[in-house]
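Per Swiss-Prot, the features are as follows:
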{"type": "BINDING", "residues": "ARG94, LYS98, HIS100, GLU120, ASP121, LEU122, ILE123, SER124, THR125, GLY126, GLY127, SER128", "note": "5-phospho-alpha-D-ribose 1-diphosphate binding site"}
{"type": "BINDING", "residues": "SER124", "note": "orotate binding site"}
Amino acid sequence: MAKEIAKSLLDIEAVTLSPNDLYTWSSGIKSPIYCDNRVTLGYPLVRGAIRDGLINLIKEHFPEVEVISGTATAGIPHAAFIAEKLKLPMNYVRSSNKSHGKQNQIEGAKSEGKKVVVIEDLISTGGSSVTAVEALKLAGAEVLGVVAIFTYGLKKADDTFSNIQLPFYTLSDYSELIEVAENEGKISSEDIQTLVEWRDNLA
């Protein structure tokens with residue numbers, strides 16, 4: 001599954017690699033990889049495979065789940081697809097409270113006393129996941145864990161989740177993706193070294 005998802009992300013250019021002309025993330029980090037999983041929404045077969053893959057992760061690791069929660073904004077549609085398929089309540093978590101109305105940070109199904117799984121599109125450092133998890137816990141939820149489409153495999157993410165003692169699982173990761181990219185002829189063996197060094201240095 002990991003390689004199939006990685007291939008799909010590369011094929012539809014949801015993930016692009018540029019070892020010699022780095023992208024700049026919003027955080028200012030210079031990176032040879034850019035991931036925009038919102039692109040998957042335009043490809044029904046890909047988004048369906050992602051939905052089913054994430055459902056399999058949930059059934060395997062969190063079978064007692066009662067509420068599906070998406071992180072705003074990119075996690076929301078995938079959470080909706082999953083909740084619909086599983087016939088479960090759903091909500092989503094903003095990065096901060098609204099500045100108007102009821103000033104809610106969580107919209108949708110009530111979380112209090114419920115076992116919740118958080119849906120992310122991408123895990124880089126794990127920061128946005130922690131924000132969502134903390135908001136849900138504050139609302140009285142029992143957060144079981146996080147599932148996501150893709151992770152860069154950074155040590156910082158492992159440390160972040162370890163610090164809050166919460167498991168996370170992804171459909172594919174950076175190592176799988178660059179291996180698939182090399183096999184597909186999208187990058188050279190020299191590029192592989194550059195990509196691995198970037199990840200290790202950033203970690």
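Even glycines carry a Cβ here, placed using N, Cα and C.
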Cβ atoms near ASP121 (5-phospho-alpha-D-ribose 1-diphosphate binding site) (within 10 Å, other residues, all chains): 24
Local Cβ density at SER124 (orotate binding site) - other Cβ atoms counted within 10 Å: 22
Other CB atoms, at most 10 A from the CB of THR125 (5-phospho-alpha-D-ribose 1-diphosphate binding site): 17
Neighbour tally for ARG94 (5-phospho-alpha-D-ribose 1-diphosphate binding site), based on other Cβ positions within 10 Å of its Cβ: 16
Conformational class of GLY127 (5-phospho-alpha-D-ribose 1-diphosphate binding site) under the three-state DSSP mapping: helix
For ILE123 (5-phospho-alpha-D-ribose 1-diphosphate binding site), the number of other Cβ atoms found within 10 Å of its own Cβ: 26
Which same-chain residues, if any, lie at least 6 apart from GLY127 (5-phospho-alpha-D-ribose 1-diphosphate binding site) yet have Cβ under 8 Å of it: THR160
